[in-house]
């Protein structure tokens with residue numbers, strides 16, 4: 001492939017245009033009075049959403065130099081979403097503002113390396129300030145506030161808070177579509193563990209990047225599955241019965257894995273393979289727990305059950321299983337409540353009888369997994385477009401609520417960042433030259449989220465930012481009521497974890513862009529295609 005190369009100012013300007021294109025599409029959604037964006041989907045109706053990361057994921061630009069910029073900022077949104085699950089719009093905006101500020105200074109002759117030192121120091125300072133301003137979140141009402149701000153929907157806020165209360169702040173909360181138009185919460189028996197799919201080809205729900213299996217056959221295998229002849233007879237039985245299949249084994253490798261991937265791509269069978277979690281005896285014990293939850297029999301040569309002889313009697317099942325990149329959630333396993341309770345009793349006895357603290361901790365962890373239960377929020381709405389939009393909001397709300405419970409909250413509406421920016425301006429005096437410019441660049445960028453929240457509400461952003469800067473910690477502008485006041489009491493709050501990861505990811509990408517001296521892209525394909533056509537004139 002031929003490449004195109006741009007240097008210096010050209011390279012950076014192309015990147016900036018791409019950054020702006022993506023960020024401008026995302027920033028209209030910011031704040032309680034933010035607007036929606038409509039995404040055209042190849043399948044099904046268009047998606048109307050105000051979820052920053054969903055919009056960002058959908059954007060690819062035609063101009064390859066601009067697309068580099070768009071993809072860089074997209075990575076900020078996606079990364080922030082992975083870590084904190086929310087705050088993607090804020091992260092995107094911060095990155096855009098920092099890149100624009102920084103490039104302006106580079107064009108005016110500032111040294112990018114020195115600028116970066118300033119930005120790094122300012123980012124460190126910002127994170128310290130965020131920690132210092134954090135308030136702990138304890139009661140359900142505060143959690144409901146966080147979830148409400150995130151989803152802009154009080155009903156969702158209350159349901160998410162109720163779910164967190166039932167399963168604890170580390171408990172599993174999943175989102176499903178409801179059959180009715182009501183959104184409701186139910187707590188079901190379920191178990192989850194931190195291992196995801198062995199291959200991304202198993203994903204069957206592209207929106208959530210998960211593999212979702214309804215009423216699947218569950219195959220638990222003690223050892224590795226590495227021989228195809230041993231494994232094929234059982235696989236064929238599943239294909240015949242037309243059921244989805246979840247395989248949990250020490251590992252699935254070589255030909256068996258290839259076979260599963262190929263069949264998954266061809267849609268011959270809905271299948272997901274997952275490595276069993278933990279090691280040694282812990283792995284063994286946990287597999288036995290799973291067997292009881294799903295009513296499966298573990299395929300284990302030690303007890304005389306070989307893979308090549310096993311039939312459908314070894315399968316367990318569950319109502320629904322979702323597998324993401326690093327987590328598997330089994331909801332409503334087929335195991336009877338009595339069996340599961342008996343298993344819990346057995347683990348409780350183990351806890352009582354052991355002298356080792358480590359063993360006790362691990363057994364308690366298993367007990368918690370077995371008794372935790374899983375909260376399922378069933379999302380209902382009148383149309384499919386609305387259901388999809390609401391599902392995204394509920395997922396954001398769950399992530400925000402969990403982040404708040406873990407690391408506390410700060411005043412929302414971008415106000416805490418505006419006030420931290422004031423601290424940075426004073427902090428900048430400790431620096432010289434271009435490093436000072438770098439610290440100030442971040443201070444300017446930190447004002448942008450509040451600016452756009454006010455702008456989207458139809459007010460003059462700069463006036464709001466200037467007034468907010470003078471207010472004490474915890475106070476700021478409430479765009480929902482259009483008044484200034486104590487945001488923490490009004491429930492306008494953001495999880496520290498979300499804002500923290502937004503700042504970290506935005507500054508890291510901005511620093512990369514500022515030090516870019518050349519960009520290399522593939523030459524667009526149309527021209528190449530025409531060139532080939534020229535060879536056929538005999």
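Easy rule for this one: first residue shown is 1, then count along the chain.
Just so you know, glycine gets a Cβ as well, placed from its N, Cα and C.
For residue 29 (ATP binding site), the same-chain residues that are 6 or more apart in sequence and have a Cβ closer than 8 Å to its Cβ are 35, 36, 37, 49, 50, 51, 52, 55, 89. Sequence annotations record features per position, and here Swiss-Prot assigns ATP binding site to 29, 30, 31, 32, 86, 87, 88, 89, 90, 413, 478, 479, 480, 494 based on sequence analysis.
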Same-chain residues at least 6 apart in sequence whose Cβ lies under 8 Å from residue 88 (ATP binding site): 26, 51, 52, 53, 56, 76, 77, 78, 80, 81, 502
Using Cβ-Cβ distances, find the residues under 8 Å from residue 86 (ATP binding site) that belong to the same chain and are at least 6 apart in sequence, listing them in sequence order. 150, 396, 399, 400, 403, 495, 498
Local Cβ density at residue 480 (ATP binding site) - other Cβ atoms counted within 10 Å: 16
If you count other Cβ atoms within 10 Å of each one's Cβ, which of the binding-site residues 90, 478 has the most? 90
